[in-house]
């Protein structure tokens with residue numbers, strides 16, 4: 001995709017971005033799961049479980065600031081904001097923009113804007129993609145159970161199973177392996193080791209991710225389906241004291 005300025009650096013940047021995200025998600029996820037455990041099965045909004053305090057309010061504010069900065073980074077990525085603080089080289093993966101980029105390209109192709117040189121015009125052209133997604137996020141605040149089901153049933157295939165099988169199929173012949181643009185890495189000294197790793201990945205994700213994960217996410221989804229509501233003012237928040245007395 002032309003949004004990637006240096007495709008040859010994709011793997012290293014992806015690895016570094018993943019490690020960076022882990023430093024953000026692993027500590028917070030571990031602490032919240034340690035504190036609340038199974039309550040998180042039917043409370044995808046973890047903030048609703050935290051006691052009302054200045055610390056919780058600060059966490060919500062910092063999360064909003066994080067989203068604003070991410071949006072500015074994304075604008076920098078498409079060329080609408082040019083500052084040394086929000087350079088695209090420093091922020092390679094902005095989740096929303098990264099996930100929606102294929103939709104942007106398809107939409108620009110549909111409306112005939114894929115060849116335009118105007119960044120502002122392309123940004124305006126992408127609004128019909130952004131606004132419905134934003135509106136749907138407000139309508140359906142119960143995205144957590146849906147995301148869990150999608151992750152186990154679909155992402156397991158698109159991220160792990162299909163790529164591993166495609167790699168094995170592509171290099172199944174001796175000539176393809178001999179002429180491969182990228183040889184096995186140093187920690188996998190042979191193609192046999194590569195195929196063994198791919199096979200293990202396919203079986204493991206198929207059984208654990210798709211099988212057990214799919215069963216757990218669907219069971220959790222069915223358990224919560226009666227609590228879903230559109231345009232919830234505070235999704236899964238505990239009732240206020242005044243409403244309890246009434």
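Cβ from N, Cα, C; glycine included.
Annotation comment: TrEMBL describes 1-71, 93-207 as domain 'Amino acid transporter transmembrane'. According to TrEMBL, the transmembrane segment annotation covers 12-36, 85-107, 119-143, 149-171, 192-216.
Proximity of distant same-chain residues to the transmembrane segment (149-171), defined by a Cβ-Cβ separation under 8 Å and at least 6 residues beyond the stretch ends, is recorded for 177, 180, 191, 194-195, 198-199, 201-202, 205-206, 209-210, 213-214, 216-218, 221. With helix defined as DSSP H, G or I and strand as E or B, the domain 'Amino acid transporter transmembrane' (1-71) counts 57 helix, 0 strand, 14 coil.
Broken down with DSSP, the domain 'Amino acid transporter transmembrane' (93-207) shows 87 helix, 0 strand, 28 coil.
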